[in-house]
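Per TrEMBL, these features apply:
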type	residues	note
BINDING	A:109, A:113, A:130, A:305	divalent metal cation binding site
BINDING	A:130, A:131, A:132, A:133, A:134, A:162, A:177, A:181, A:277	substrate binding site
COMPBIAS	A:227-236	compositional bias 'Basic and acidic residues'
DOMAIN	A:24-311	domain 'Gcp-like'
REGION	A:215-236	region 'Disordered'
């Protein structure tokens, strides 16, 4: 029986979760929300995390109705992510591990998402689409590694959505992507945007610059001669949100389908913050139905960054015998999904 | 018309059929219901056009590809030359690894990859970007005591003189090899050996660009 506490703080969410043998005992989270039109900066985010993390640890223990002595391992996000917020989680985890005399475990953030998704949905060996503010990857397991079959060659899909939301001055509460999704529901006119798929890889930066100009033609008056003729007298923000979602999600579904055909797999699991977008889930579901496949997705509690996923992945590592020396309890901004040796899967 | 389905891919069904009495492959792109209808039409049309154009360009450049016999836009269907005995390079590599001695495997694969590299170099020299280079999109067509290498599936291809897209083309191939043939990490190096032979001065720019594209992937911090 392994009881594990996990701390996640790689971006603008800070969360603490407790899991005991697959049973969710607690999952609490706070989000650092910036004013409309602004992104989150590393130091300000870390300051926010420092202010709330101890409260969150107390809340999680209370919700789980356990004492620190009941824990077997303390886990934290080792990377990838922004260094200042990551450090907050790491320092608290180290302190708790020493204070409570428990082993410490650093967990790869992406692996946390994947394992949590598999655990909640019961998917066995799916093709994984991992989409969030910093990541866009199509992943499949093979031979003790989660291998990246396709990914973005520039910015992440969530980053593209967030930055477009900033241009439109949409609020960051609860998240920019959610507000784009709501706005897109009022749009119906499809505006042609670049569609960039390269093999199993995708690119979003060109789409972002293109749609930024459509939303605000004054921004780059001389760069494109076409601006004068103006695509249409008024491009409604709702139509832009609608078209942006239709285009980039079609790209994601397409590369996922390619990976399915390539690996001969019939299951898809969507994880990461963008994964709770209902339109993306719907499109993926249609694709799966056409192929006779099955879609697995989770809701915002497990999709969006949370401490529980770190606790769960850490517990899996711990059970399989992995131990981390205390000296290695650093954080790293760059930590690729395929660097982790998957000791807990035997297939 | 009687047609026999032989494969269902990610975006097309392949049938065996007849065109003017000859056996041929019929590639039918089906409608993707998850896509907005306008976007779907736009993509299907663009890709069919690319397939036909690039096949013609490849033949002109001396690269072996299946001939496009007929194009039927309204039915999203392409009639192409059928290679009855061919297998994909993916199958060929896996069979070689499974049946040959390690030393022999190395020799066969080095020869294969080098030849593939030379062909890609030739395509890039003529500014043909394949867009989806994987070992599933390369056919091995056995002849007496030797084999031909045939490139297929040009739906994502385009014509571009710049080094950027060629660099990305190589990057896509490297990634595909690493994920499909993770036990044979040397394949890409062999291909690059062949590529360098034929690419010339412009090719060196492509190689520099390729390193840059690669670095973009590795250096990305992947926050959140």
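Positions of Cβ are set from backbone N, Cα and C atoms, glycine also.
Caution: TrEMBL annotation is automatic and unverified by curators.
Feature map: TrEMBL annotations on the structure.
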residue: A:109; record: divalent metal cation binding site; contacts (Cβ under 8 Å, 6+ apart): A:8, A:10, A:77, A:78, A:79, A:80, A:81, A:305, A:310, A:335
residue: A:113; record: divalent metal cation binding site; contacts (Cβ under 8 Å, 6+ apart): A:130, A:132, A:271, A:272, A:309
residue: A:134; record: substrate binding site; contacts (Cβ under 8 Å, 6+ apart): A:11, A:80, A:81, A:156, A:158, A:159
residue: A:177; record: substrate binding site; contacts (Cβ under 8 Å, 6+ apart): A:158, A:161, A:162, A:165, A:273, A:274, A:277
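Residue A:277 (substrate binding site): 24 other CB atoms within 10 A of its CB, across all protein chains. Over the domain 'Gcp-like' (A:24-311), the average per-residue pLDDT in this prediction is 93. Here the Cβ of residue A:305 (divalent metal cation binding site) has 27 other Cβ atoms within 10 Å, regardless of which shown protein chain they belong to. Proximity to chain B (CB-CB distance below 8 Å) holds for A:134 among the binding-site residues A:113, A:130, A:134, A:177, A:277. According to DSSP, residue A:132 (substrate binding site) is assigned to coil rather than to any helix or strand. Residue A:305 (divalent metal cation binding site) falls within neither a helix nor a strand when secondary structure is assigned with DSSP, and so counts as coil. Taking all protein chains in view, 25 other C-beta atoms sit within 10 angstroms of the C-beta of residue A:130 (divalent metal cation binding site).
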